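TrEMBL feature annotations, pasted as is:
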- 50-118: domain 'POTRA' (DOMAIN)
- 28-45: transmembrane segment (TRANSMEM)
Amino acid sequence: MEKGKLIVLEDRVPKLQEQRKQKANRRLILYLSLFFILILFIVYSQSSLSNVSNIEVQGNKHVSDKDIVKASGLSKKTSYWKADADQIQEKVEKNPEVKEAVIHKTFPNKVVIDVKEYARIAYVTSGNKYFPVNENGKVLKEVSAKKVSSDAPLLIDWKDGDAIQSMVQELAKTPKSIKGAISEIYYAPTKSEPLHIEVFMNDTREVSGKISNFSDKIVHYPAIASKLSDDQKGIIDLEEGYAFKPYKKSKQ
């Protein structure tokens, strides 16, 4: 019996040695694979292959892609791993027209800048020059006539900065559908009403009002205008109440 056991053990020893050898080989292959992967990653991260190769800008209407990318500080020389989303966001949001920026990084080389702009409330005019005004009241740099949006009114003869800010606040509270129906707003103060304004609508009608209660009053314009025929031209007075004053014949 003892001899039989010895023979069995002698038969198993080579098998155990082979199993250990295979296990050691697998472990070595694993370590070598991890080593080479690490080497490849280091080479990749230190080479131009890891640089940002695709910068995409979304959500912008008024600010160009070029200006957004320039503000971000990103270029094709920027390492993907060194492109910090928080820092990029902070830089882009310094643009006075950008309300919010969200940065998305997609491995291996793509960065997406998702932008939300401030709405343009109006355009202050000075001669043939147009200056956009954002919903936050900031007057921006001059833009060409081609870039003037048709859904925001022109502010004409406005030289008082405080009056502009007050008017912008009222426009910000005005429904978009009504705001888009306004063509021009003139600042026309009088002795009795320093906040008086004259508003010209796209349908050629004129509205007389004042800055302080403009957003509350102008919402009634569609209902009032709907009761007038197309040939009834005149002034809709919204200063205190609601009244329609036909133009005198000399103005027709």
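Glycine residues also receive a Cβ, built from the backbone N, Cα and C atoms like all the rest.
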Using Cβ atoms and a strict cutoff of less than 8 Å, what residues sit near the transmembrane segment (28-45) while being 6 or more residues removed from its termini?
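That would be 79, 81.
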Let's see if you can do this one: DSSP helix, strand and coil counts over the domain 'POTRA' (50-118), in that order.
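Secondary-structure composition of the domain 'POTRA' (50-118): 20 helix, 24 strand, 25 coil.
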